[in-house]
Amino acid sequence: FVSSQVEILDWETKKQLCFLDKVEPNATIREIRLMFHKLYPRWYPARQSIKLDPKGKSLRDEEILQHLPVGTTATLYFKDLGPQIGWTTVFLIEYTGPLFIYFLFYFRMTFVYGLDERFTSSPHPVVNLACICHSFHYIKRLIETVFVHRFSRGTMPLRNIVKNCLYYWGFAAWLAYYINHPLYTPPSYGKKQINFAVIMFLLCEAGNFSIHVALSDLRRNGSKTRKIPYPTKNPFTWLFFFVSCPNYTYEVGTWISFTIMTQCVPVGLFTLLCFIQMTIWAKDKHCTYLREFKDYPSHRMTIIPFLL
C-alpha cells in the first residue's frame, strides 16, 4: 500500500486526539511524534509516550510504522509524560550538589559545628584524603556526563529531579557531617587500612570510567540501538566476561573502599543502599539484554561474578 492512516487515542479515556491521513508506511515513531506535536504544541516529542497498547511499553523513536503489528489504519495510544528535563542537565545538577555540599563540612563552617576551639583544629590526614577522593569521584562523574555518556533516552520527568537531588545531596551532607566532625575517630588499622582503601578506590574508579567509555563506544555513530557489550583490550573491561553491568560493580566497589577508608557507619549504610539500588538497575538491564538478544552470553551474572 502507498500510505497509511494513524489514529491516536488518549490512553486512559480512549478518546480520539487526532487522525493522521496519508502517513508514509516507512515513517518512524519519531516522525509521528512530530506530526502529533504540530497539532498539540504543548506536548513536545520528549513528553509523549506512544504505545500500541494502553498498558504496554512506549514505542522507540526508531521503530517503523510498517514493521508494527497494525493494519492500514494504525491505532496508537498517547500518554502525557509530563514536563521533561534532559539527562545531561539532570546529572550536572545531581553531581554538582554533593561536590559543594561536602566542602561546607570539610571547612568546618561555624554554623555547622560551632565556634569551639577544638572544632577548628586541623583534621586527621584521612579526613583530607576522604575529601580528595569524594571530590574526585563527583568531578569524574561531571566529566563523564559532558564528554562520555550517550543517553538512549534524552529526558526524564522533571518531578524526579527533586527526589534524585534529595538522595544525592542529602547523603553527601550526612556523610560529610560525620567524616569531618571534630570528634571523628580515624580507622582502626591506621595507614595500612587507609592505603589499601585508596588503592582499591582508584582501581574501581578507573574500572568504572573504562566501562562507561566502552558503553559509549557502542553508540559512537549516534545510534540509539542497543548492542551487546563485550570486553575490549582494556583489562578493566574484562569484567564483562562475568557480569552484565560491571559499571555498577565498580561503583559499589568504589563506595566499599570509601567505607573502609573512613570507617564511618553512615558511609557503610549509604554503600548498602547504593548496592541495593544498583542491583535493581542491573537486574532490569540484564533481563532486557536476555529478552532482546537470543545470543546473549548465558554465563554472565547481573552485578557480582558467580553470585548475583
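Glycine residues also receive a Cβ, built from the backbone N, Cα and C atoms like all the rest.
Just so you know, TrEMBL annotations never went through curation; they're auto-generated.
Summarising the annotation, TrEMBL assigns domain 'TECR-like N-terminal' to 5-80.
The domain '3-oxo-5-alpha-steroid 4-dehydrogenase C-terminal' annotation in TrEMBL covers 155-308.
Below 8 angstroms of C-beta separation, residues 127, 131, 134-135, 138-139, 141-142, 145-146, 149, 151, 153-158, 160-161, 164-165, 168-169, 171-173, 175-177, 179-180 of the same chain, each at least six residues beyond the ends of the transmembrane segment (85-107), sit close to that stretch. Annotation source TrEMBL lists transmembrane segment at 85-107 (among others).
Using a Cβ-Cβ cut-off under 8 Å and counting only residues 6 or more beyond its ends in the same chain, the transmembrane segment (166-184) has close neighbours at 94-95, 97-98, 101-102, 104-106, 108, 112-113, 116, 118-119, 121, 123-124, 127, 130-131, 134, 262, 264-267, 270. Taken from TrEMBL, the feature transmembrane segment applies to 166-184 (among others).
Per TrEMBL, the feature transmembrane segment maps to 196-215 (among others). If one looks beyond the transmembrane segment (196-215) by at least 6 residues along the same chain, the residues whose Cβ comes under 8 Å of a Cβ in the stretch are 129, 133, 136-137, 140, 144, 148-150, 187, 229, 232, 234, 236-237, 239-240, 246-247, 249-251, 253-254, 256-258, 260-261.
Long-range contacts of the transmembrane segment (235-250) within the same chain, counting only residues at least 6 positions beyond its ends with a Cβ under 8 Å from a Cβ of the stretch, are 204-208, 210-212, 214-215, 229, 278-279, 281-282, 285-286, 289, 299-306. Annotation comment: TrEMBL describes 235-250 (among others) as transmembrane segment.
If you look up TrEMBL, you'll see 256-276 (among others) marked as transmembrane segment.
Looking just at the domain '3-oxo-5-alpha-steroid 4-dehydrogenase C-terminal' (155-308), the mean pLDDT is 93.
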